[in-house]
Every structure is written in structure tokens, then in C-alpha cells.
């Protein structure tokens, strides 16, 4: 089979979610609503955490960064998805595709690291409450956040530098709504065993490394909760972890399976990708605001202040 370097191929075709124009319009409306709600929900979380002084704690510091990450995460793929749902020719340039691959890898890695950092924060708060303020000081919190971004971007950089050497065939069709590295491998005319091995190592290292920290944290948390004598105390301690556990389950349950399963263009791949790249950024602020009394109270205070300002302006 003849091969040519990817520099001579100017674009890929994203098949997307459906070829039916009527279904595409419905999907456009659905994903537009999801995207706008994602932006609104995460911006509200960031705003309320930064304006409410009683939320200036490590847990909410990490939550604000998770919300910022979710804004970034959903904006990597959803705008292009919305554009293609209304386009006759669902094309993306090679450069745009590789850029999307890079940011998908980076944002996925950041999300995994932040969730593991938040698990460690819950471990410190529940297992060492008297030392919590000393252990989770401002400097450590900032280093953990910046470390999450640096590790994820370096990992994405290594994978994308290897991807730049891939030679693509005449076939330019990607059976997906966005560019993800596993979806590019079937289009290659060159050997991608090194790329596949590096991606597998990255996925395993991220999955194993972050999951081990999460599992370790929750084993210790569970042990501490079970040692609490009062039922009320156990319930309160577990309740503080329930939001994080829900977010971890939603993200890891789909992302790990997607990056470890063989690429086949199956509907399951699309569902898993939608789960962690579209649905998770939407539901994270809902999970943390719905189950968190402090966040709900802060949101109510912010809304009351906003309504009072509106009424004052009308007068």
C-alpha cells in the first residue's frame, strides 16, 4: 500500500455521531445545551469559591481548579463537535487534529491527577484532623495543583511528539466525533507499535499511579470511619467523601476503559468518550453543589446579593 507523510495530507474527516441531518440537528441542540450548562455550572463554582471567604480551604481550592479544568476539558472537543454537526463536510485539519489530541491527553491527565490529589486531601482531613492545617498548607496545595498540570502536559507532549512521525495513508476518515490518539493509529501506513506502547504506558501509569493514591486514601479513610463510635460521626465523615467518590467513578470508569480497549470505531467507544469528555464536566459541579451544604448556602447567598443588586438598580 502506498504511503505518504502526514504533511501531504491536509485534513481528516470526522464521521461524528450520525449521518442523518435531522438527528444531527437534535444532537446539536442537545450538546449545545450541555456545553452551556457546563460553562455556567463550572463558572459558578469557581466564582462562589473565590468570593466566599469560608470556602477558602484546601478542599474548595482543589474543587475550583477541577472546575477550571472541566471548563478547559469540555472546550477541547465540544465546540468542534457542534461545528461538525451543522457542517456538510465534517473536516478538521491535520494540525488541528494533532492539537486536539494533545489537549485531550493533557486534560485527561490533569483530571486524573486532580482527583487523586482531592482523595489525599480527604484522607488528611479525616485521618489526621488535628494536623490537617499543617499538612495541607497553601504551599503544598499549590505545588500539588501545578504538579498535576506539569505531569499531564509532559505526558501529552511525549505522546504527541511521537505522533508527529506517523505516516498516514490515503484513508482520512476517523470513526469518531473528535481526534483521539487511538483513533489515528488505524489511519497509519507506518509502524505505530512505539506509539501504542507509549500510550499504553501513559494510560497505565496515570491509571495505576492515581488509582493507587485514591485506593490508599480511601482504605485509610474507611478504616478511620469504621473506628468512629457514633453513627452520626460515621455518616458525616462518609458524606464528605461521597461527592468525590461519585466524580472518581464517573471519570475513571469510562476513561480507563476507553484508552485500554482496542480501537474499532464501535458505538461503545463513542459512548465512553462522551461520558468522560462531555458528561463528566457537566455533572461534576452538580455533584459537588447538590451534595455540599456549604456550596449550596454560598450559591444562595450569591443569588440573593445578585437579586438585591438588580432590585436596587430598578429603583
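Even glycines carry a Cβ here, placed using N, Cα and C.
Values in this document were obtained by computation on a predicted structure and should not be read as measured data.
TrEMBL lists 41-288 with the feature domain 'G-protein coupled receptors family 1 profile'. Among the features that TrEMBL reports, transmembrane segment is placed at 25-48, 98-123, 144-164, 197-216, 237-261, 273-290.
Among residues of the same chain six or more beyond the transmembrane segment (98-123), those with a C-beta under 8 A of the stretch's C-beta atoms are 58-59, 62-63, 65-66, 69-70, 72-73, 76-77, 80, 92, 136, 144-145, 147-149, 151-153, 155-157, 159-160, 163-164, 178-181, 184, 202, 206-207, 209-211, 213-214, 216-218, 220-221, 240-241, 244, 247-248, 251-252, 255, 259, 276-277, 280. A contact links the transmembrane segment (273-290) to the transmembrane segment (25-48), because at least 3 Cβ pairs that are 6 or more residues apart lie under 8 A.
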